[in-house]
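Per Swiss-Prot, the features are as follows:
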REGION    1-22  region 'Disordered'
LIPID     Gly2  N-myristoyl glycine
ZN_FING   39-75  zinc finger
MOTIF     89-92  motif 'PTAP/PSAP motif'
Amino acid sequence: MGNCNKPPKRPPNTQTSAAQPSAEFRRTALPSLYGRYNCKCCWFADTNLITCNDHYLCLRCHQTMLRNSELCHICWKPLPTSITVPVEPSAPPP
């Protein structure tokens, strides 16, 4: 009775949700036969790159794209939302 401001109860989602896309963060991109890698969006950044499907994005462009949508503006696939940072040695082995 009366006005109720509670949101309607929804049944639990029985579908399996797709895994969140994951990306690897690299301070410097792997060496290439065709020269250095750059961010495919701004073409300026060549360090601190994130792998997106078949290209690299810098952190700045990645965050800008995530603010606008969940899809990459270049390849139209889901943007990585979790970033894994590999352990890089700080010095060469003895």
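Cβ coordinates are placed from backbone N, Cα and C, and glycine is handled just like the others.
For the motif 'PTAP/PSAP motif' (89-92), no residue of the chain approaches it from at least six positions outside its boundaries, judged by C-beta separation under 8 angstroms. Same-chain residues lying 6 or more positions outside the zinc finger (39-75) and placing a CB less than 8 Å from one of its CB atoms are 23-29, 81, 83. Residue counts for the zinc finger (39-75) under DSSP, helix first, then strand, then coil, are 10 helix, 11 strand, 16 coil.
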